[in-house]
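Engineer: Sharing a structure here in structure tokens format.
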Amino acid sequence: FSILLADSLSSCRVLVVGAGGIGCELLKNLVLTGFKNIEVIDLDTIDVSNLNRQFLFQKKHVGKSKAQVAKESVLRFCPSANITAYHDSIMNPDYNVEFFRNFQLVMNALDNRAARNHVNRMCLAADIPLIESGTAGYLGQVTVIKKGQTECYECQPKPTQKTFPGCTIRNTPSEPIHCIVWAKYLFNQLFGEEDADQEVSPDTADPEVAWNPADAAARATASNKDGDIKRVSTKEWARSTGYDPVKLFNKVQLFKDDIMYLLTMDKLWKKRKAPLPLDWTEIHQLESSQEEAFGTGLKDQQVLGVQGYAQLFHRSVETLRSQLIEKGEGAELVWDKDDPPAMDFVTAAANLRMNVFSMNMKSRFDVKSMAGNIIPAIATTNAVIAGLIVLEALKTLNSDFDQCRTIFLNKQPNPRKKLLVPCALDPPNPNCYVCASKPEVTVKLNVHKTIVQALQDKILKEKFGMVAPDVQIEDGKGTILISSEEGETEANNNKFLSDFGIRNGSRLQADDFLQDYTLLVNLIHSEELEKDVEFEVVGDAPDKAPAPSVPEEGKNIANGNKDSAQPSTSSKAAAEDDDVLIVDSDEEPSSSTMEASPESSNRKRKHHDADTDATASKRKRLDQQPADDDEDIIALD
């Protein structure tokens, strides 16, 4: 490349968010390409399961900060680089818009949708180009996001995340699906085929634990077996107790002792709400009135209380124990969502863990529907995607923005023998509730049944990705409904929206000052929502993309040819910090069907034609996988 570009590489500052599978490859590529001023941030610590692909880490590093160790490893082969490492969350308020403005370019190597949404908004607010990426198994994707010129990460709706970081599942679950995956792992550890990569206990080598650093170092080097982590067989312990439900509840890997251990990792809870241990005896002293099921409809759609789920846990363990005895010595059970005792166990264990981590519990119906796939990470995919990130970075820094592309890495060659398929970038979606000039949405709900807490948690935070919203009612008085200042509006949490004069046609202004983001929310009162639906976003696209059809000619750009490609839309969640989310990767995308990863799996839809209001056609599905591949498989690093 040009001398001018080479000079700019040595002087420009870039931010890498994530130091996992993609992040390790990316850091290596950046310094070898000539980038000198790099800052990298990652909240995670190194786990044994990372070592098969995150090549900057070794066994001796287990339990240490990914960002810090990645920096040290890179400096060994490129000592002239100036690298700053942060062992922290990118969603920490310290990393505000001014922080992002210090960089010429931001590159995401993330594993979850919430962080991707947040970085997307911060880059839009700072007007800094962002390169988004994601991998899931053999699939991968890279795209470029530039304010006012391309779709942002949130311009298109994304399906539910299907892959998740193992460290999140074990130590810091923040969503119900994390607890459901943990419960499925626990089933295998107790009754099925044990897998060291499906650990459910806290990481005993975590350096953030509140003991003396010298002790932490001693623990990290105490064993040369199994990646420096001494693993205890949960199944053997359970057998020694006769699968006693009470002992299982209080002891190994479950709701009391392990939670007490997690609480000793005090740094984990400085910016998170600490978990609350459960004790079997205390639960059964609760008054029955506190444990009534709530929710309407069938039994499976009701949400029990803590005592109810503790009893369900007890019954399911006894039933599964009987099944093991019937099968004979050395037998194993296989988890099946259609097997009532197995489903009862996962429902109970997941909900008890949700309660421990202060989440709203879910019905058996919800748990069953949310159980999804965990996709394994593959080192080669990460390496290819990291290389593509750098190529797009070079175009961006050289002001060759017209040459930037969304690039899909497919599992199998398309009809033109292409594994890599570039597509033109799409313009911003004028109806995007994030990057439009005046973001605005309309939400349909029942103002007499929706409480303020649900508005904050389920609508503003979960649905619209806000971190710390402040909400004001546009009633001419400037009534403050929700404040991001702790305790300021806590008294409002359990009140209904109608208690504040909110009715059909009311408007709310929601501000997230950290994200420099304001969203106007129009409310439509409705008493005719479908059963178990708390709210609807009017005009929101369905979870499933329209059926694929023949692609539009001219939209797809691949090496100068009109090639088709299978799409991988990455977006959130992954099986470890590198893993991303690419879901529905069997469909072939045009640039408008692409999605930048979050939870990294995302199916993207073409824009609706302004004149015909017809949905643009999707590319043909090429790589049809056997139905068995879509079963609930949990194979997470």
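Every residue, even glycine, has its Cβ placed from backbone N, Cα and C.
Pulled these features from TrEMBL for this protein:
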| type | residues | note |
| --- | --- | --- |
| BINDING | 18-23, ASP42, 50-53, LYS66, 89-90, 111-116 | ATP binding site |
| ACT_SITE | CYS167 | active site, glycyl thioester intermediate |
| CROSSLNK | LYS184 | SUMO cross-link |
| CROSSLNK | LYS251 | SUMO cross-link |
| DOMAIN | 443-530 | domain 'Ubiquitin/SUMO-activating enzyme ubiquitin-like' |
| REGION | 540-637 | region 'Disordered' |
| COMPBIAS | 558-572 | compositional bias 'Polar residues' |
| COMPBIAS | 576-589 | compositional bias 'Acidic residues' |
| COMPBIAS | 590-600 | compositional bias 'Low complexity' |
| CROSSLNK | LYS618 | SUMO cross-link |
| COMPBIAS | 626-637 | compositional bias 'Acidic residues' |
Engineer: Over the domain 'Ubiquitin/SUMO-activating enzyme ubiquitin-like' (443-530), work out the mean pLDDT and round it to an integer.
Structural biologist: 93
Engineer: Using other CB atoms within 10 angstroms as the count, which residue among the binding-site residues ASN52, SER89, ASN112 scores least?
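Structural biologist: Sparsest of the binding-site residues ASN52, SER89, ASN112 by Cβ contacts within 10 Å: ASN52.
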Engineer: Rounded to an integer, what is the Cα-Cα distance in Å between ASN112 (ATP binding site) and CYS167 (active site, glycyl thioester intermediate)?
Structural biologist: 12
